[in-house]
């Protein structure tokens, strides 16, 4: 559907037992007698291919069967029954033979204790492996993945499985409930090899069990290998954050990026929501006494909300009942089953009851039988699977047209906006995501009418398949009975199956479009947050305006407010105000002006460009840039802004925020709610819950990967670090204010509310500037003489005691020696400090050389000599962990990976729309990226659009060729003008290259 590339799915064996559950045909039986009488008939289906059994070994005449320990003794001629004890149960459940005993599912009291009987083939004197429908819960007490209770940090909690990949037989099982070393598939993967999870890790046991395996379904929907999905589920179950997983558990997720990991997380939450909804619906139907075994099976098979709605709709409270239910209540289900099983013995005349409504005439009886058959067909699993597969191969299109409503009810402007979709038709496999969102918006505004069109060939082939295969009577049926069956098929398709398919198609298209829109918003937000900062400059922020003037704010290189003012540039006082601006720039030695892109931006830009061209600010070489002021006005009146800038007018706060967005974009933009930054598409039409979760996750990812200096960062920035929240950030700031700066990372354990898990998640993303600490330590040495030199904090420096505090849970009190650790300024996690020290010893380096050129030279020469894999094996760690250690030791103390991103585009002159000509080549900055094109600011007051068809991989550098096609807000591009529509202020551009 989307033109964007998808990951290739690796073929694996089925995780779920091949258990074709019985069809939905027995739903809502009229009585127990009817069920018993007609239970022998089932729709025709292909007989499953039985597993080949090895011939039983012939026992010797004089030899008794060998009795194994803890196994029942088996006499000659009897079949072996495998006995398996369920967890937390004192009763053993016997597995029945696959060929002889197939029937009923045990009655379930509660969904959480429901277990499906396992089946195995009979074989004398041997215990066969049993198929598992659901993932078993591990019997041993699972401890946390990271060993939170340990006082000393462990180097790593995951190891690469270095053994030979074993090729499993086709009939082997694939489960995640037992030893990962035995059960995880081991195929050749392009990015990595399967990595075993620690034996003490939590299993993938789900709270609500279904008739499908969570790992397998998650793998199918995300196109990610099952062993990776199993590891991801365990990681999320252990409350690990995405930034922590991406950086420190990369080997467990096969090098997935943050977007892919976030997609898996969202899909997992959706599946769990469906399972919980199924559970609650089952409990509700049970209370009403309407539950049957077939209905329970059908509901446990549901994987989407649409499937659950289709199955449970007739059983909702207050429902009048379906036509099929009313026919069953009249006792016609036996006739419907007889038509399929024994049509020669069926006499519909015997069902006539003149005094009963619905049975008074032969026609009423035929209609009742037709409704029952239609319901059976529409709820049969194999039938629905066939029609879904058939639709995937045939032409199914979505159509939209202008709604037939009076012009008074619809705004004419809205009608013009949807001109492209008033006579629109497209195959559902080819339609773009933004088109789906546009059609949905038009439908919500009652401008468009939307329908899904399934070709007639689908219906014809479906009916032919039903008559000849699935629903074919078992013996000769008279013409009048075949007519009823034909009518039932047509009625089932038109009244039940077709609407269900339409709902499923629309829901799937909308869900995919919303997810892609949210992901695009997240990519744009990440690109904007990671804009390269412009440190070390004094900046003037300008919030443009007409009547109320332009608000000015001058900030220092450390973001301190130096001066604020208001000038009126567009009220005939421009020349007089120019002198004031020049005086301010000269007094504060400021040569950079930052203009917000709001009201009067174009006029303000022209004003400064004219003064710069006249060299009015000499001797200063003044330049200016335009930045987005989205969200600045909302932030200026927020409690955070009032706390940060008390007593300052909200309008002037906006000017301060605009200037700081250039000096440190990340630190300023995190103060604003992400959805107000305005770099998305149809953001008000998508799920707000999904949007907020995704954007908050992107902010956490960006802040964590950039890192924060814990001794100078703000509370707002700190709360977005992985593992922290508003309360923990507040406690950290309070501890810092009370006890002074943090000397090392170990002191974080002394902060209230920061437990072992929170410390594990946040420690690697928190930096402690060593220059700042050395200055502080030297001052402390002069006064107390407690700190001497620089030492490494190790487990020996930490004393751990358990102190009980009244009735509260005992909390570990950590007494940390106040010794700086140069590794605390790096991205190396404390759990890997021991490995880092051993690596330093191997290369002959010291902690004093961290981040210096000498360290880089030693590392490079050692790597050339030994190689990464050999070094990792010697240090008993993974290649990914070793790479993090190498990066941390070699990167300079002031390293900021945002410097690789584009900086704001500083200008000295302005160009008008009328000055453009077709073919003109310009440089511009990406303003927003959508699913249909890229908006680029080329400095003419109106953004131009690069259609998505003009953004090809050939025009991108190798580093830019990623899923988002490498274009996001802030990136500089070279474009060519293709078309200019001055009346509509539209500019069409072609991408030449990314600068």
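Cβ atoms here come from the backbone N, Cα and C positions, even for glycine.
Note that the structure is a prediction, hence the values are computed from the model and not measured.
Here's what Swiss-Prot has on this protein:
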- 258-288: coiled coil (COILED)
- 146-159: compositional bias 'Low complexity' (COMPBIAS)
- 84: SUMO2 cross-link (CROSSLNK)
- 134: SUMO2 cross-link (CROSSLNK)
- 166: SUMO2 cross-link (CROSSLNK)
- 167: SUMO2 cross-link (CROSSLNK)
- 183: SUMO2 cross-link (CROSSLNK)
- 185: SUMO2 cross-link (CROSSLNK)
- 185: SUMO1 cross-link (CROSSLNK)
- 955: SUMO2 cross-link (CROSSLNK)
- 919-992: domain 'S1 motif' (DOMAIN)
- 861: phosphoserine (MOD_RES)
- 964: phosphoserine (MOD_RES)
- 23-81: region 'Disordered' (REGION)
- 120-165: region 'Disordered' (REGION)
- Query: Taking just the CA atoms, what is the gap between residue 955 (SUMO2 cross-link) and residue 861 (phosphoserine) in Å?
  - Reply: 37
- Tally the residues of the domain 'S1 motif' (919-992) by DSSP class, grouping H, G and I as helix, E and B as strand, and everything else as coil. 9 helix, 35 strand, 30 coil
- Using DSSP and three states only, what is residue 861 (phosphoserine)? helix
- Query: Averaged over the domain 'S1 motif' (919-992), what pLDDT does the prediction give?
  - Reply: 79
